[in-house]
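Residues annotated as transmembrane segment in Swiss-Prot: 16-36, 77-97, 106-128, 140-160, 167-187, 208-228, 263-283, 296-316, 323-343.
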Amino acid sequence: MRKAFTRIRLRNNRYAAYIIGFSFLAVSIILGISCGSLHIPIPAVFRVFWHQGFGGSIGSDDPMYTNIMMNIRLPRVVLAALVGAALSIAGAAFQGLLKNPLADPYTLGVSSGASVGAVVTLFLGLHLPVIGGFTLPVLSVAAALATMAAVLFFSRLVHASMSVSTLILTGVITNSFLGAFISLIIALTGDNLLPIVHWLLGSVSMRGWSYVILFLPFFLLGTILLIINGRELNVMTYGEDKAKLLGVSVQQRKMMILIAGSLLTGSAVAVSGTIGFVGLVIPHITRLLWGTDHRHLLPLSALLGAGFLVLADLLSRTIIEPIELPIGIITSLAGAPVFALILIRQHRGGRSL
């Protein structure tokens, strides 16, 4: 009874939910900046931030700390936070739209399209003169957008209203086909396999501010589009017919949500590789803590996902120093048992996911 009462209080206190979410993200960012092969004391972290923002004197060690923080750790932490937020909010939106608790950002196959773009770039050693070092993420984003267009076109071709089942099956077909294409390239790669495998397992290392700047427009556009559709997502979870009766332009809103979620997913995969379980588990945890209202579920999922991926990246580079593990390994090792516990908890409580 007490647990149920506590859960109801958490769900009804939205201010507390956002305070917890922002606090979790802030603590994760500070830890992500402070911890590493060279430990930066937390007071020094705040001094450097203060100096960057307002000027003033700094300690004798702070110039070194400033260089490490601003050029290495902070862009890495910011990119991890943005990718985690993007995957989580896209996962929450797809689970609501498709009415499928097992849906995640990769359901529609857009991530496979982004992966094909990256793998082909690595396999052929492409380096376009106009975009230089941005060749891989730019071509990956382009492949993701092309895949999204193909999935939506095929879904509409099969079923004019793009039913949920049609979208899911189209995603399965796309994932299978593009996954086979990736496997073919891997089989043909030979001894130069490591860069492709490392990219596919996900990482935010050695990215820098340029990757943050490249990803940020897609993140802002996709996130804003999803959040402004929170009320419509609430209505559409009860069925498209009821949503139409309540005045929701179902096809227009569905297309907007699909495009926004696909933009977030494709661009996230383009800059970080494939990172599993974030977009599947984080929305379930958020829903369990603070309810199913998408007006709050979406931004709260983004906050928790951002903090989670920052901590996962921290573990990936510190748990077996000096070896740095791909971040996708950490998220899968952490996400799989957590999702299993959520599943057991829900079924013991007599509720479905």
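Even glycines carry a Cβ here, placed using N, Cα and C.
On a predicted model such as this, the values are computed, not experimentally measured, just so you know.
Contact between the transmembrane segment (323-343) and the transmembrane segment (263-283) holds: at least three of their C-beta pairs are under 8 Å, each pair 6 or more apart in sequence. Three or more CB pairs closer than 8 A are found between the transmembrane segment (167-187) and the transmembrane segment (106-128), so contact between the two stretches is assigned (pairs 6 or more residues apart). Within the chain carrying the transmembrane segment (77-97), a Cβ under 8 angstroms from the stretch's Cβ atoms is held by residues 25, 28-29, 32-33, 103-105, 107-108, 164, 204, 207, 211-212, 215-216, 219, 222-223, 226-227, 229, 233-234, 236-237, 254, 257-258, 260-262, 264-265, 267-268, 271-272, 275, 278-280, 282-283, 286-287, 294, 297-299, 301-310, 312-313, 327, all 6 or more beyond its ends. If one looks beyond the transmembrane segment (140-160) by at least 6 residues along the same chain, the residues whose Cβ comes under 8 Å of a Cβ in the stretch are 108-118, 120-121, 166-167, 170-171, 174, 178, 218, 255, 258-259, 262-263, 265-267, 269-270. Residues 10, 42, 45, 69, 73-74, 76-77, 80-81, 289-290, 296, 299-300, 303-304, 306-308, 310-311, 313-314, 317-318 of the same chain, all 6+ positions outside the transmembrane segment (16-36), place their C-beta atoms under 8 angstroms from a C-beta of that stretch.
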